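K.L.:
Annotation comment: TrEMBL describes B:C638, B:C644, B:C678, B:C682 as [4Fe-4S] cluster binding site. Taken from TrEMBL, the feature siroheme binding site covers B:C682. Here TrEMBL flags B:5-283 as domain 'FAD/NAD(P)-binding'. The domain 'NADH-rubredoxin oxidoreductase C-terminal' annotation in TrEMBL covers B:318-387. Taken from TrEMBL, the feature domain 'BFD-like [2Fe-2S]-binding' covers B:421-467. Taken from TrEMBL, the feature domain 'Nitrite/Sulfite reductase ferredoxin-like' applies to B:557-618. The feature domain 'Nitrite/sulphite reductase 4Fe-4S' is assigned by TrEMBL to B:629-758.
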Amino acid sequence: MTIWFDVCAVEDLQPNSGVCVLVQNQQIALFYLPATESVYAVHNFDPFGLANVLARGLIGDIGGQPMVASPLYKQHFHLTTGECFENSSVRIPAYPVRIDNARVSVGIPEPSV
Amino acid sequence: MKQTLVVIGNGMVGQHFLAGLAASTGKDQYDIVTFCEEPRPAYDRVHLSEFFSGKTAEDLSLIPEGFFADNGITLHLGDRAATIDREHKTVTSAKGVSIRYDKLVLATGSYPFVPPVPGHDRKNCLVYRTIEDLEAMTAAARTGKVGTVVGGGLLGLEAAKALKDLGLDTHVVEFAPRLMAVQIDEGGGAMLRRKIEALGVTVHTNKNTSQIIDGDTCVNKMCFADGEELETDVVLFSAGIRPRDDIAKGCGLDIGQRGGIVIDNHCKTSDPDIYAIGECALWNGMIFGLVAPGYAMARTVIADLNGSEALFTGADMSTKLKLMGVDVASIGDAHARTQGALIFTYQNGGSDVYKRLVVSEDKTRLLGAVLVGDANEYGTLLQYCQNGIALPEHPDSLILPRNAGEAVGLGPDALPASAQICSCYEVSKGAICSAIEAGCTTVNALKAETKAGTGCGGCVPLLKSVLNCELAKQGYEVNTDLCEHFAYTRQDLYNLIKVEGIKTFDALLAKHGRGLGCEICKPAVASILASHWNDYILKTEHVGLQDTNDTFLANMQKDGTYSVVPRIPGGEISPDMLIVLGQVGKKYNLYTKITGGQRVDLFGARLEELPAIWKELVDAGFESGHAYGKSLRTVKSCVGSTWCRYGVDDSVGLAIALENRYKGLRSPHKIKFAVSGCTRECAEAQGKDIGVIATENGWSLYVCGNGGMKPRHADLFATGLDKDTLIAYIDRVLIFYIRTADRLQRTSVWLENLAGGLDYLKAVVIDDKLGLCAELEQQMSHVIDTYQCEWKTTLEDADKLKRFRHFINSDQTDDNIVFVEERGQIRPANPEERRHFQLVEVA
């Protein structure tokens, strides 16, 4: 089950760039690409640099796939799957995003207790 | 039953022989024993002077790891072979080791000739041959100020560079009327002299040293036959070489009248079981003092031992080298000794280039050439000469300057497969093409596979053009695209932005690119836009292009915090301003460190703290230091004539003026300056992108130096400049660099890759060869006129400040940032320490 959390307004996002939101005590990076009218959400933690910085990475695409490049050591992560392009065994959490009434919500998987 | 092969001497040629034999089929027929007199096995003597620019003895070694053990070769290190008993076929060493041989190879090399003038063996009178010699030079230079090389030949000039690198006031004393008399003609020699003197080396020709005695101001004084004298601390003899033939003489082998072990075309001495190779050998009355002929002899002997035949029939003495940064090349019959030879000469006094062609009487064949100051045509001319390729109708077209668009030289496609590309390792174009077909698609791969280009390195440009040509023929595209989003180079994009007046990344992408962009093209385009238009980089349309450092105007550290570097122009700061830095550091609990660029770095600022920190700094009068940008960083300076007893001019004043002029200038990579107030060079300006040194006659400008990973000594660009001319030159050099460099290319690498090199840059900047100077200066003045302190602008914009929060929906801070204390200041906790402080929960 996915639980949806309202996190911010669309206008709080940075076009072609990232911001970070706190949801359920988790840091989530949100990226907004006006060209494709898309908003992506992945965890903010860089598993290589071991710091909460991915929201400050540059975004774009590799071969048409949306990606963020870590600002620390430049590894690329897929914005919808979270998979690292350089090392497919590394994957960061990625989350679904909904836009409704100019508000942004992020879907967090319900803890499987 | 294996035979015993003894090799006397483990220098470059001895080692080349061993490596070649070990790789051949004949290796299993011999037990191999080699004697090496020096305390270390073979090293690269050709690049000996690099010892002074940072290479170690290990770097220069020619021995692959485990070479002797892996190939079953017994090495007697530090033990000189002393005698040969031909009757009993034994070699006995100085330490008393006696080995019976079946075959013997003499690779004893040569020794430096020291003229027998009185005083030649005084203190600090040295030679330049071995690493031990270099260590003796270093020791002597420590206490001396002046060094003199006796001998203005190829080795002598190499030695002069070594003395210069050791920081000595350097002289070259030559007996002949010109430098490099063996390789180049009078005109070339004169040009070479001018260029070398411009580098600060004093050249004395027609000088015959009569004795060396106690000096008055230095350790030694050289007295010349014409009555003149020269005070010098170090004397370095480099007056030619003499073959080491004593051991051959001792056992009765044939020796030439003026020395050298006589060999035939098989490299056999007068004893058929003894060979001689390299500089100890005399073939057809000639000693070959270059490494390539020695290597050829080694191959001849290997073939002979393997039962095949590869006769040594002389060697091409063509050579190309960089002497103290000056390109010099000599090909074939450089002195036009061939009957009826015709001479074509091109001389450009402005850019100090001299070129001479020696052509056959019927103008169809190239016999020889001399190139000084620009040896770009070496590869092409060598091919014409060695392969007997028919010359074009007007042979002088080969050395005349070419205008843009004209074909350059002989394309690699025109060369036959037999054409020799690398003469050190005798690698033909055919061999290179086979290696390319087998999958070598880079110069490095070719070097590893074929060894081409790993000797003197002179053929590397030709090797590269053969590679590119073959790759293109085989359907590979030589890709110079910036990235997958733009099929253009950075220079192309710069021109598109400039010519079409493009002001945003989106507009450029829509018109000339594809996809969404990436972390390569976005900052590259952001940099071009900033260099050309100089908009505020955090404008909405630009902010998404910036690396995190530019986005937050600070430098991200490993834990995601930032460091803050306010500008301190020229490194000059008042006590009050220093106190402000101390107060800010204390208030925000920042780790503080002095940088190499004479300013203060404050570490450990959280993203959300940056605006408050900068508010205090800006209010106190500080400006952004642009430490976060690919832009002008600092202008370092020594204290200069204001305080220093030796200062010639006000280096601090000039440094401040330059830093304030160029601050904020965005460029392909960071740019560092320095200004020294005298030639003691305390500001280390010759290791900077732009270096300025005060002299009695005005400012000297150095360009394109670098410290860091790959240090490069800056090139002297112009001397005796007044301040206005100096600034005009710097304006032009910088904008020309910004327009033409690759992404993230420092000025040092840019100049190395600039076609035509330093001379071309001088022609553009000083002689206005492209008619661009006014435009370059105009662009610089636009950048200067539109300067803003990016922090001041940002602090005035509430909207921009919104980004300086860790969470946009919470005032909490990042709990992953943890500091511990060390030496009284904070530092990021390591993972071990972190576990004690917190529970990290990652989904």
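Placement of Cβ uses the backbone N, Cα and C atoms for every residue, glycine included.
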K.L.:
Mind telling me which of the binding-site residues B:C638, B:C644, B:C678, B:C682 has the densest Cβ neighbourhood, counting other Cβ atoms within 10 Å?
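P.N.:
In terms of Cβ crowding, the pick is B:C638.
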K.L.:
Determine, for the [4Fe-4S] cluster site, the additional residues of the same chain whose CB lies within 8 Å of the mean position of the CB atoms of B:C638, B:C644, B:C678, B:C682; present them in sequence order.
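P.N.:
Output for this site, in sequence order: B:V639, B:G640, B:Y646, B:G647, B:S651, B:S676, B:G677, B:R680, B:E681, B:A683.
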K.L.:
Counting only CB pairs under 8 A, let me know which of B:5-283, B:318-387, B:629-758 has the most with the domain 'BFD-like [2Fe-2S]-binding' (B:421-467).
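P.N.:
Counting Cβ pairs under 8 Å, the winner is B:318-387.
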K.L.:
Within the domain 'NADH-rubredoxin oxidoreductase C-terminal' (B:318-387), count helix residues (DSSP H, G, I), strand residues (E, B) and coil residues, in that order.
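P.N.:
When I sort the residues of the domain 'NADH-rubredoxin oxidoreductase C-terminal' (B:318-387) into the three classes, I find 10 helix, 33 strand, 27 coil.
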K.L.:
Work out, from DSSP, the number of helix, strand and coil residues along the domain 'Nitrite/Sulfite reductase ferredoxin-like' (B:557-618).
P.N.:
28 helix, 14 strand, 20 coil
